[in-house]
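First the structure, in the form of structure tokens, and then the observations on it.
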Amino acid sequence: MIQTILAVSIAGIAGTLLRFATGTWVSANWPRYFYAATLAVNIVGCLIIGVLYGLFLLRPEVPIEIRAGLIVGFVGGLTTFSSFSLDTLRLLESGQVPLALGYAGISVFGGLLATWAGLSLTRL
């Protein structure tokens with residue numbers, strides 16, 4: 001159990017740092033499009049979780065430390081529903097209703113599509 005906790009913690013740090021770096025880069029280069037970082041990490045995270053899920057279905061012998069570390073730790077640290085919610089609220093509060101609705105729709109449906117695509121890649 002300790003090894004699983006360590007794997008989740010270490011991978012979570014990596015995912016969180018990648019999300020932070022993505023947000024910092026987008027803020028520095030495209031401050032008007034602050035929501036793009038959250039959208040990007042969430043869609044990429046969905047793709048990654050689809051691939052990992054598919055791989056782990058094919059390889060059930062992969063140790064729990066690796067499975068939990070990658071899915072719960074790395075992908076959990078990388079993706080964020082709370083930032084998505086805040087970004088959407090900020091867009092709504094600034095009167096950008098069509099953009100907020102588009103962002104929410106792309107986030108949800110794009111995430112589902114990316115997860116499906118990731119899983120499908122493991123079935124080729």
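Note that Cβ sites are derived from N, Cα and C of the backbone, with glycine treated the same way.
Annotated in Swiss-Prot:
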- GLY76, THR79: Na(+) binding site (BINDING)
- 5-25: transmembrane segment (TRANSMEM)
- 38-58: transmembrane segment (TRANSMEM)
- 69-89: transmembrane segment (TRANSMEM)
- 99-119: transmembrane segment (TRANSMEM)
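DSSP assigns GLY76 (Na(+) binding site) to a helix. Across 38-58, 69-89, 99-119, the stretch most heavily in contact with the transmembrane segment (5-25), judged by Cβ pairs under 8 Å, is 69-89. Proximity of distant same-chain residues to the transmembrane segment (99-119), defined by a Cβ-Cβ separation under 8 Å and at least 6 residues beyond the stretch ends, is recorded for 35, 38-39, 42-44, 46-54, 84, 87-88, 91-92.
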